[in-house]
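Quick look at what Swiss-Prot lists:
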BINDING   10-17, 74-78, 128-131  GTP binding site
DOMAIN    1-244  domain 'tr-type G'
């Protein structure tokens, strides 16, 4: 039996989970069709998902149709959970991108499709909610060709709420024959030579084009009224093909971790090659760690079943492997989809329990949530001692707050959400602290040179010190100290886009230790950073704004107020497309404003595009290291020189 892994993707509220539930029901995997409104869906299994009607975590289920086993991964539709969606992309053989017939192409729709297109993932577009009043399919078709791709093939026509095929294995319209010829040279040559080409030949060529992500079939339906679901199942089993297995050696990728109500850790793996068997002893990440598979499940027709073996391209579930982390692999390192640029959160908030004595409980709960979702980053501010969480947005914050209260029985308060800035040195500087020169209490001399690098370059560390003079353990201690120092600059933000060179060293044998070098490094780094000064960097968003032409003047005025950099404007009689960059801090709510002043027609699509020097006169009241007496003494001694 062929096995495929299919992602269900959509902008929030396009009907993604409802379509998934209908696929389960129509294929016989469930006895009734779950409804989001009723809170009885299979894929949204978390209480908070059922109650709020949104998908928070990617969930996996399975159906069988036309002899094909299809593992369905239902992904979040909200931008705040984009990291969860990105992890899903790595394991997909194909995708169904769902559009709402009434709302059409929305910001998340375009972002998802551009990623699918970039990664060359075979994709079926499904227009949902065709039953709604006011649907204008012809206008939507134009929008799809304008904003998604010209390479779409509309497989059906819609008449009075029902769908009818216009392209199949036995029948194809003449204009569709031309479409196929324009996309395939072999068919074109046969067509020009007047060779006989059957509908099946065209159909098989379409399948091959879809598999190569060169053509995107478009289908229609309504999950609410079970319209077009069987046709969608047929398309999935026809157009989405399993990958060819390249090896019999085990290779498995861990893409999801969850904990059941009893606290058991459940790990979900995609078997890339080979097979995983009960009682196998397998290596994790090519390390010296081995685990024994003591239990093994897979997903079959919407439910989990115990098995002795899970084969290539299928999903395996194992329990109570404490060493597992998302992104780990078993056996050979898997070849996964490349080209994803991980989006780091650009917002943060301090969180504290309503009862101060429950702080350790909050930390433990957050650690469990981090195991399930590695994009959840939290830390303890070493100066304020506050617990800080990095966030993608307000909805994620609300979900975390609810999970802490309902799942871990601890109530917390979040402070105001703030933008995460970064710091970069302004100029090249060199700083040295000498051994046995007060107030240096460490048996070490360290010299560091700091110099700014281009934006986006990150941290680079080099050493001018010979390992013949100062061995690896001492130099590694300096490198650790540099990385630790970069976590908090003059204003408390991460220091980035700089090169740090270890330029001078002296030690006394046998009294000097790596710890001396590790502990002195932050003081040298700090003094050098103070001498250089820092630029404050703010997160930027690359945006595409599509609006009716009548709203273009307002849009340009708005973008100027948001301190954006407009890079391109193109307009026709009806629409304007504007591209550029805008600070995250000024544009957090602009998508909803666009929807308001364009009556839902406008799209403001953004994606992170690095940092730039802030333009808004950033200032704060943070004074780091005020209680560090040794730093004060270093500063005083340096000022006397």
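Keep in mind that glycine also has a Cβ here, set from the backbone N, Cα and C atoms.
Overlay of Swiss-Prot annotations on the structure.
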residue : record           : CB count, 10 Å
10      : GTP binding site : 26
13      : GTP binding site : 16
16      : GTP binding site : 28
75      : GTP binding site : 26
130     : GTP binding site : 22
Across the domain 'tr-type G' (1-244), what does the mean pLDDT come to, as a whole number?
86
Three-state secondary structure of residue 16 (GTP binding site) from DSSP?
helix
How would DSSP class residue 130 (GTP binding site) in three states?
coil
